[in-house]
Amino acid sequence: MARGGLGAEEASLRSNALSWLACGLLALLANAWIILSISAKQQKHKPLELLLCFLAGTHILMAAVPLTTFAVVQLRRQASSDYDWNESICKVFVSTYYTLALATCFTVASLSYHRMWMVRWPVNYRLSNAKKQALHAVMGIWMVSFILSTLPSIGWHNNGERYYARGCQFIVSKIGLGFGVCFSLLLLGGIVMGLVCVAITFYQTLWARPRRARQARRAGGSVGTKAGGLGGLGTRPAFEVPAIVVEDTRGKRRSSLDGSESAKTSLQVTNLVSAIVFLYDSLTGVPILVVSFFSLKSDSAPPWMVLAVLWCSMAQTLLLPSFIWSCERYRADVRTVWEQCVAIMSEDDGDDDGTCDDYTDGRVCKIRFDANGATGSGSRDPTQVKLLPGRHMLFPPLERVHYLQVPLSRRLSHDETNIFSTPRAPGSFLHKWSSSDDIRILPAQSRALGGPPEYLGQRHRLEDEEDEEEAEGGGLASLRQFLESGVLGSGGGPPRGPGFFREEITTFIDETPLPSPTASPGPSPRRPRPLGFSPRRLSLGSPDSRAVGLPLGLSAGRRCSLTGSEGSSRAWGRPWGPGNPIFPQLTL
């Protein structure tokens, strides 16, 4: 772009300056709208959504800084013949343009790689913290792009004829051979990686997965034919990754794993990523690579190369929003985008993870699964956590609940919430308990014992009375009978004493060797009482509880061991719901 006269090449550049400026403003608004639309439609930002937002942000910077700078300088030169590029503006333009060009190439390649990873290895993708890896990839992309693109500004250029000496000759052949070769190789690597990942994704989606599904159905059908008595094996669906939400004892979301996408959503996202990759390769990657190759070969930079590079860069910033808008998953209306803008401007600090911190109303946040690990039919969206009133945190319902990555001492435990403070009505107690759960009941007069001195004086007599009552057949009772007689008083009157001590229940919960209190083994024959203290065999209210510092007078009157099989539906009685509450909060 040598200065002097209004030659044909100068006239062509200046005639396009106003168009570049208008298209840059339109691209800036369109990409900003796309970022707000994705944020409004997807409350939980996944790796693909994050990469799409970063790609749109890169296009905003491309339209706002280098392209707008080039257009403004050309308009200024058209208005004043004395104005021209200076060294500082040219260096800023070259550094920002090549930084954003490389960042766009690598972000598109990373987008296609994450989609291939999610389709080809779905379980590994969900267990590998892909969101953090996407953030690290973006930081690495920007670091590499910025370092390489700023090297020409600090001396890595052709010293014979510097690219900013006459105008601003930003084609790679005018900057330097070393920079041109490195830039072309990095650009070629990003293009090839994106195309390979898209090809693997399409193969996995269109051929490999349906073929494996057909093979699984044929294998299941043959097994079902051989073992027809088992039933249902021939029609077993293909494996799907369950949606898992990990919560602490207060229901606070700690981490989550997304489940398998529906066929419609998977196809939409795959088509969108593939379209973005082909858009970039056809409009930006390959044209810039061809221009760089021919410019290095001929050691020249004619005006058509400048026009081709700038218009290709502008075209991709305009077409990306239209591609994302065509995907129904990320299409938001004006009202939704406006609400998202208001939420961002108001800087609302409320929790947006679908959980609640205040559990004084007795609600429990949880995600339920069936026995095969699939999500229940009640809620397919893992971000929408259901608040179920009237549920107690000590005992899960019939359907299996997956509490993952929560320490045993924190699982259904007492650390962060006081679940023993609120008294409940007699009708809110458990209506039915498993017949395999045996509860020993001592006489009513034994519950009125005093402190440890009285208990030590009558311990042997109480043990003899226990054995006599058990021999007579009156030592076993249901949990409901135990609670009504021991906590509520006989005849449903006012309570005469506490049901269990807090230390008793928490010790039972924390010291159980199984994944949860609900998964204890089946009943076993009664064994002689061991002489030594074993915390894993400590029953609620046993005399041995003195080793953990429990009051002995009241704990001696209640001895309880809760057992039951996890696989038995009778272990939890009839189904629980808001109209059929379960074990309430116990009082002290």
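Heads up, the Cβ atoms here are built off N, Cα and C, so glycines get one too.
Quick caveat, the model's predicted, so the values are computed rather than measured.
The following features are taken from Swiss-Prot:
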{"type": "TOPO_DOM", "residues": "1-17", "note": "topological domain 'Extracellular'"}
{"type": "TRANSMEM", "residues": "18-38", "note": "transmembrane segment"}
{"type": "TOPO_DOM", "residues": "39-49", "note": "topological domain 'Cytoplasmic'"}
{"type": "TRANSMEM", "residues": "50-70", "note": "transmembrane segment"}
{"type": "TOPO_DOM", "residues": "71-91", "note": "topological domain 'Extracellular'"}
{"type": "CARBOHYD", "residues": "ASN86", "note": "N-linked glycosylation site"}
{"type": "TRANSMEM", "residues": "92-112", "note": "transmembrane segment"}
{"type": "TOPO_DOM", "residues": "113-133", "note": "topological domain 'Cytoplasmic'"}
{"type": "TRANSMEM", "residues": "134-154", "note": "transmembrane segment"}
{"type": "TOPO_DOM", "residues": "155-174", "note": "topological domain 'Extracellular'"}
{"type": "TRANSMEM", "residues": "175-195", "note": "transmembrane segment"}
{"type": "TOPO_DOM", "residues": "196-275", "note": "topological domain 'Cytoplasmic'"}
{"type": "TRANSMEM", "residues": "276-296", "note": "transmembrane segment"}
{"type": "TOPO_DOM", "residues": "297-303", "note": "topological domain 'Extracellular'"}
{"type": "TRANSMEM", "residues": "304-324", "note": "transmembrane segment"}
{"type": "TOPO_DOM", "residues": "325-588", "note": "topological domain 'Cytoplasmic'"}
{"type": "MOD_RES", "residues": "SER413", "note": "phosphoserine"}
{"type": "MOD_RES", "residues": "SER435", "note": "phosphoserine"}
{"type": "REGION", "residues": "511-545", "note": "region 'Disordered'"}
{"type": "COMPBIAS", "residues": "514-525", "note": "compositional bias 'Pro residues'"}
{"type": "COMPBIAS", "residues": "530-540", "note": "compositional bias 'Low complexity'"}
{"type": "REGION", "residues": "561-588", "note": "region 'Disordered'"}
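In three-state terms derived from DSSP, ASN86 (N-linked glycosylation site) belongs to neither a helical nor a strand segment and is classed as coil.
Restricting the average to the topological domain 'Cytoplasmic' (325-588) gives a pLDDT of 49. Against the transmembrane segment (304-324), stretch 18-38 shows more Cβ pairs under 8 Å than any other of 18-38, 50-70, 175-195. Using a cut-off of 8 Å between Cβ atoms, the transmembrane segment (50-70) and the transmembrane segment (18-38) share at least three residue pairs, counting only pairs 6 or more apart in sequence. If you take the C-beta of the residue listed as 'N-linked glycosylation site' and look for same-chain residues 6 or more apart in sequence within under 8 angstroms, you find TYR164.
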